[in-house]
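According to TrEMBL, the features are:
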- 31-50: transmembrane segment (TRANSMEM)
- 70-87: transmembrane segment (TRANSMEM)
- 99-118: transmembrane segment (TRANSMEM)
- 130-148: transmembrane segment (TRANSMEM)
- 160-181: transmembrane segment (TRANSMEM)
- 326-608: domain 'ABC transmembrane type-1' (DOMAIN)
- 361-381: transmembrane segment (TRANSMEM)
- 440-459: transmembrane segment (TRANSMEM)
- 465-485: transmembrane segment (TRANSMEM)
- 641-865: domain 'ABC transporter' (DOMAIN)
- 929-950: region 'Disordered' (REGION)
- 936-950: compositional bias 'Basic and acidic residues' (COMPBIAS)
- 976-1003: transmembrane segment (TRANSMEM)
- 983-1263: domain 'ABC transmembrane type-1' (DOMAIN)
- 1023-1045: transmembrane segment (TRANSMEM)
- 1121-1141: transmembrane segment (TRANSMEM)
- 1212-1229: transmembrane segment (TRANSMEM)
- 1302-1534: domain 'ABC transporter' (DOMAIN)
Amino acid sequence: FRKTCGVMSWWYNQTFHTDRPDLPECFQLSVLSWLPCIYLWAVCPIYLFYLQRNNRGYIMMSIVNRFKTVFGLALWIVCWADLFYTFHETQQGHSQPPIFFVTPLVLGMTMLLATFLIQFERLRGVQSSGVLFIFWFLSVLCAIVPFRSKILQSEVPDKLRFTTFYFYFSLVVCELILCCFNEKPPLFSNVVTDPNPCPESTAGFLSTITFWWFTSMAIKGYKVPLEAKDLWSLNQRDRSGVVVPKLLKEWEKEHAKAQSEQNLSSQAVYSKPLPATTNHIGGGGGEGGGESSPEEVEVLLAKQKGTPRQPSFLRALIKAFGPYFLIGSAYKLLQDVITFVNPQLLRMLISFTNQKDVPEWWGFALAFLMFFTAFLQTLILHQHFQYCFVTGMRLRTAIIGAIYRKALVITNAAKRSSTVGEIVNLMSVDAQRFMDLTTFLNMLWSAPLQIILALYFLWQNLGPSVLAGVAVMILLIPFNAVIAMKTRAYQVEQMQYKDSRIKLMNEILNGIKVLKLYAWENSFKDKVLAIRQKELNVLRKTAYLGALSTMAWTSAPFLVALTTFAVYVTVDENNILDAEKAFVSLSLFNILRFPLNMLPQVISSIVQASVSLKRIQDFLSHDELDPHSVDRKNAATDYSVTIVNGKFTWAKEDPPALHNINVMVPQGSLLAVVGHVGCGKSSLISALLGDMEKLEGDVSVRGSVAYVPQQAWIQNATVRDNILFGKPYNEQKYRCVLEACALTPDMQVLPGGDMTEIGEKGINLSGGQRQRVSLARALYSEADIYLLDDPLSAVDAHVAKHIFDNLIGPEGALKGKTRILVTHGISFLPQVDNIVVMVEGRVSEMGSYQQLLKENGAFAEFLRNYALEDIVEEDEATEEELFPDDALSNHTDMVDNEPVINEAKRKFIRQISSVSADGENLRNRSVRKHGCSVRKHPDPSPEKMKKQPGMEKLIQAETAERGRVKMKVYLEYAKAVGPLLSVFICFLYGCQNAAAIGANIWLSKWTNDATRNETQKNVHMRVGVYAALGIAQGILVMISSFTLAMGNIGAARKLHLNLLENKLHTPQSFFDTTPIGRVINRFSKDIYVIDEALPSTVLMFLGTVFVSVSTMIVIVSSTPIFAVVIAPLTFIYIFVQRFYVATSRQLKRLESVSRSPIYSHFSETITGCSVIRAYSRHSAFVLMSDMKVDENQKSYYPGIVSNRWLGVRIEFIGNCIVLFAALFAVIGKDKLNPGLVGLSVSYALQVTMSLNWMVRMTSDLESNIVAVERVKEYSETKTEAPWEVEDKKPSSDWPVEGNVEFRDYSVRYREGLDLVLKNLTLSVKGGEKIGIVGRTGAGKSSMTLCLFRLLEAAGGEITIDEVKIADIGLHDLRSKLTIIPQEPVLFSGTLRMNLDPFERYSDEEVWKALEHSHLHKFVSSQSAKLELECSEGGENLSVGQRQLVCLARALLRKTRILILDEATAAIDLETDDLIQSTIRTQFEDCTVFTIAHRLNTIMDYTRVLVLDKGQIAEFDTPANLITKRGIFYNMAKDAGLAQ
């Protein structure tokens, strides 16, 4: 310094040991002036490189910008004025030291650089510069010292430098202020065009680092619950359109690399390349690189003894997202280092309070330094989190996008290896795992770093004794690991129980009607409760483990401290534990605690993510369909479809499905493809679409294609959207299409016309309607070639005829187009141009109908086989057209005509609930939906098509909770836990915190021994008490968390039991109007939350609340003045917390609402990918998926930011607490001993964490407690009559006779609906056989429901053997009647359980019933006999067999009254005859009611009851009715049973 500065006073005393400290001029001129300059020149090259790469377009020159530039130039002039003045002085002969030349020169250059940066940033579109902000901030900071010392100087020696410095200072301050303002957005940026842009893109530097820009949303979310429209649009750089291609590009590079390595090695082995034969592209769409056939590759592997390198998905991910993630890692590194500054400052603070004669300002400086480092740490940490979370979000977007795009093009073989569920899992679970991992990934290097640093400082502090503490920590790791392993095992077990419970519940709710009819609820309730009990046992075990690990987690830091201090004090007499050592060590141990706990978690999540990585990589490496296998360009021929020598297979390893196919279809002709089941008809269509592997031959298809698959594929959208399928709407064309496909009448019946929303997989349409919508889509697309895969089998005969005539046939709408029709309907074959007959994957004959008949080959035989069936079909058709005058019953009667009604259908019987008030319209026709409810509809006139928009939705929407959760819900939960137990738990928490505080106060007392020099006397007493208090705390923690867990499990049991009891007692009408999914959701999601999520949330919540409170108590007790600050801080805290909780809760809801469409759209796409490809709508669907993902991320992103926003604000409050604790300690220094200072400040340093968690937990608690509310809501719905009424129990042998009497009986389905049966009066003697007939909706099924009291009377009564059925318990009534229902419902379980769930009958009786029901042969041929497992819904039995099982149930019960609800569509005549004959023989003496659809079954009954519109039209013997020539006669005549 002597050289550069000239003068050099001894400045240590001048600076530190005065009350008015000052720095020497030389130091001010050199170090302080150069600091900002060094910073700017160091950062500049990197920053310029960054700006060079990222150009956002230039910004117009603004006033602020002009001022910045002018001030920058002014600063340069001021600095160089100094320099020239020094030259001037030298010339005058006053030679100055070199520093007066160097500093102004350097400063001037730097100011020029800053001015240049200001302009360069403007040209590159930077709206607010962090680099310059930090520079100006440093400059001001460094200029304050000389500014102060210049003010303190009494006389001014150097007038000019004095003035220039003031100029310099004011200009720098102005620059700093200007730097806080934002520039306008760059020209041509998309911020301008976006309706709701994210303010982040235009936020300034300060706003970005404090997340101030989020505040507007927090305020909005606090005022009104946020909705989807309030969300900001996603930043361009986070959108699927940007992120996904980035990943795919890297992935394709990886592919190409792997491919080329493989090719190099293969050239080494093969001399001649073989011709490419397979229909394959190597997985990633490497352009036809992998065309070597599989056999070659296998040979190659054998020779090389090494596998070809799999393209690495990880490498692609790292290349695509690594650089951005590294910025986050850099922040993390910085934060780790800063973390260790505060314990050092704490040491200085404690030693400051120890010394008596030191200047006050030291203490204040330390307090503010502590605050400043803590604040800096907060800002840096949250920047790191932001980078990590955004990376995670992009990863998820990219992975979902990549999987979606891949799923559209994988081969069938690949599809077979992964089910839809698995692929959806890849999207939901595996992508999620990556997202979770990115947040912790940095801990992998940061945790060891923190541990090493902490140990280094501890060693400095306490020497080798630290090793004792570390040993304890290391011992705790395996302990925690073991607990984690066990917990994971239990979780798996728990999931299995949960799955089987949900599966059972699902079946119960789907078959609830059958359970009620058979009075089987109790048996199933016991089954559910048995599973539930197992589930709770596992939960209880998990809770024991949880309590242990909570204890380990809270006691670990204490145990470590205890062992370290005990060893330290006992090893050497001279080791004195003073406040400085003890509390600095404590704060270091607290730092250690986090990385030690995180490491095992990070490692396990890395293991999980690596499994996910492998699964995703395998899926993305699947083979893809070759787009060139079908030649679409072939132009000049008369044939629009040709296959020459085709040989096709579904998967390479399978035998070929089609061989030697030669087909040529002339332009505009209609070709029918016929053949037996499984002979390859559909495969032929798939081959034309390019969905199969082409082994040899050529396929060419001229022009665009429309495809109607065998199983209609319907999207979850409106009917109109399904038909348009992305084409523009054209009214006239659309009407014609509907007409041709016979959809016009259906549109009138659907509640919203063609704007009706269709449920997923089209479940609120009947099979035939779905098929017709699929046909309409094809017709609307106006393609050149139509591939129709058996579209006519799902519709009725007369509808099929209509469609053939108006659409497919020679006179139909498609005439002149090329049509290939797969069909079973023989009646149409004479009208087609050519017929191809397929036999076992070959074309056996081809030609016109007449030619083939003459040849008398396979085709003739086919005709003979199918002719019989066709006659039967015709027969049914006539029977359905009984009332030809009525447009509705014609072919829109949704159920009765269309034979195959899928299972899902019943769940959707919900379209009802709307009743037209048009009662007086005489042509009202009711539309029946499976006897569950009736809806009246006048014939809709065209005006009515535009119905009230509100009616389109299927069911009342489920109410989403809004706003705050009411206190009542918390109380409900506390009540379920047990009121006394709840109080006791809080008491235990209080005790455990008291113990913790006690231990720390004792420690501070112990350290004060050091100042009084009485350390050695009572070391053992000190250590002993400290240990006792700490261990007491550990035990209390364990007891309290265990009691809490027990309470939670008790509550979970009660809540589930109440829900289950209530749902089994709920009347049938509830299930008719509530989607089953909604009820299942209560049993799965909400019960899961109550079982697992709530307990841990409550635990954390109580823990953090008590920790925060105890911190306040400690600080206040050591420095009472702190109480003054608590009030304002608490106010700010609660203020921020309310804003956050309201906003984040709603964001979570929006996020989960927008998540499911991604997956449902995805599974829909996978099932319909051949249709999507056929219509080449591939890219449109990718776009749709991307939009759905972006919608989801739109609500996820503010969710992340809200956590950061909260974090910065809450930690700021925490830092204020540190500041005030330290300040008051400095002020009250004389009255305080160092032990108390250490205690209160080290407590304050910990509080930030628990404050932050407390808010998070409040918010989690609010979102989880909602589950209790939802479960409560469904546990309190209205119940049906009691199952058993003790004083009204009928005798055990009732009914003896079986007489049934209706008196003036009326009934309606639900309150507010019309009567379905009006004033019925009839009596039936025991043993009579009654047939009930009537057209759809006449109330046939309602009669049976009334007998079982599934519907309660609206008037009148029914008596059976003189007992009024309304008086007795439901089970007493239902167990005495037997029904064979319309659709046979089986439950998963053994066959025995399905026949006799209560085990009331012996095996002999069961076998006998099976024998009578003709199942004996089938069951005894099974190895399991009666223990035969039935799968869900009885899928592994044929429909006929299921029907027979229901018959066997009836035979077992053998009650006096039997009701037989005939299956709507004849399942097969054979089964039907079996049932009829059995009933005639076995139930001779019983009263039988049969609801008949086919009259021949009831022609020999005692009497027939004809219902019409809910009243008795005719009631007499069949013979008399036929002679009367009334309704019955007409029906019989139509069925061909009467002349």
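Cβ from N, Cα, C; glycine included.
What TrEMBL says about a protein is an automatic prediction, not a curated fact.
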Inquiry  = For the transmembrane segment (160-181), give me same-chain residues lying six or more residues beyond its boundaries with a C-beta closer than 8 angstroms to one of its C-beta atoms, as numbers and ranges.
reply    = 64, 67-68, 71-72, 74-75, 78-79, 81-82, 85, 114, 128-129, 132-133, 136-137, 139-140, 143, 146-147, 150, 204-206
Ask   = So, do the transmembrane segment (1023-1045) and the transmembrane segment (976-1003) meet, by the test of 3 or more Cβ pairs under 8 Å (sequence gap 6 or more)?
value = yes
Ask   = Between the stretches 70-87, 130-148, 361-381, 976-1003, which one has more Cβ pairs under 8 Å with the transmembrane segment (99-118) than any other?
value = 70-87
Query = For the domain 'ABC transporter' (641-865), what is the mean per-residue pLDDT, to the nearest integer?
reply = 85
Task = May I ask whether the transmembrane segment (976-1003) has at least three C-beta pairs under 8 Å with the transmembrane segment (1121-1141), counting pairs 6 or more apart in sequence?
result = no
Remark   = Given the transmembrane segment (976-1003), its same-chain partners at Cβ distance under 8 Å and 6+ residues beyond its ends are 558, 565, 582, 586, 1022, 1025-1026, 1029-1030, 1032-1033, 1036-1037, 1039-1040, 1043-1044, 1046-1048, 1050-1051, 1054-1055, 1102-1103, 1106-1107, 1109-1110, 1113-1114, 1235, 1239, 1243, 1268
Inquiry  = So if I exclude everything within five residues of the ends of the transmembrane segment (465-485), which remaining residues of that chain have a CB under 8 angstroms from its CBs? That is, six or more out.
reply    = 455, 458-459, 545, 548-549, 552-553, 556, 559-561, 563-568, 571, 575, 589, 592, 596-597, 599-600, 604
